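What Swiss-Prot says about this one:
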- ASP48, GLU49, ASP139: divalent metal cation binding site (BINDING)
- 1-20: compositional bias 'Basic and acidic residues' (COMPBIAS)
- 42-230: domain 'RNase H type-2' (DOMAIN)
- 1-23: region 'Disordered' (REGION)
Amino acid sequence: MIRDKSAKRPAKDAPKKAAVKEAAPVKASFRRERALIKRGIWPVAGCDEAGRGPLAGPVVAAAVILDPDRIPRGIDDSKRLTAEQREKLFDKICATAQVSVAVASPARIDRDNILRASLWALKRAVVALPEAPRHVFVDGRDRLDTACDCEAVIGGDGIVLSIAAASIVAKVTRDRLMCALAQDCPGYGFEQHKGYGVPEHLDALNRLGPTVHHRSFFAPVAAARAKHMPWTVEPVRDLFAATEVEVQLEASVEIDASANL
């Protein structure tokens, strides 16, 4: 009987394929900012937003100019970090970098659409920076209409360190806002799901109807509004007027020297 030795090859190759799938993602780096610094272009800002997908709450955009000599250790795409890690890095970023935040309310999102509202907030965040940047990196496909050069980077929050820092600031700020909204709108669980369309949120919508903080263009919200008609529309309170984050400096911040390479 002749054995086919090639039949064993897939088994030998299998561990290699598994290793490729389990490989850790490359962390965001400061290389693009460093390249601009070498060309004499500074300050350089990164900006990103949080909250494009939820059924409720605002879109929060952040812009960050990192200090090349004081970069906190551990900055990365906010989606790769735990809530605890994001909170700690938020404080360190605000203590060492120039930071600004802008918020697009649900009313603006309904009026302008989610893309335009997001771009509006991103531009306002850049304009609100304490120092005007000479170059801006923005996450996504769309460049901003800024006074300086703007470079859109797809997946930028996992590539460009300044964008990653902005993603952390935007995410933490929005999460805190949603926890505050939970106090005004009990029963919806905003503090848990942050406005996303999880089953618990959809159930609350069906039982209680939408609030002024829900985005009407989403089908579940529109359906809940129709069910609970006639709907008494309360005056919309602009809870999101602030465009800048107040920062509190920390005495000691761990610096990531490797990020400066």
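Please read every residue number as a count from 1 along the shown chain.
Using N, Cα and C of the backbone, Cβ positions are placed for all residues, glycine too.
Structural mapping of features recorded in Swiss-Prot.
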{"residue": "ASP48", "record": "divalent metal cation binding site", "Cβ neighbours (10 Å)": "31"}
{"residue": "GLU49", "record": "divalent metal cation binding site", "Cβ neighbours (10 Å)": "28"}
{"residue": "ASP139", "record": "divalent metal cation binding site", "Cβ neighbours (10 Å)": "25"}
*Compute the centroid of the Cβ atoms of ASP48, GLU49, ASP139, then list the same-chain residues not in that set whose Cβ lies within 8 Å of it, in sequence order, for the divalent metal cation site.*
CYS47, ALA50, ALA61, ALA62, LEU122, VAL138, GLY140, GLY156, ASP157, ILE163, ALA166, SER167, ALA170
*asked:* Over the span of the domain 'RNase H type-2' (42-230), how high is the average pLDDT in this prediction?
replied: 95
*Where ASP139 (divalent metal cation binding site) sits in the secondary structure, as DSSP reduces it to three classes*: strand
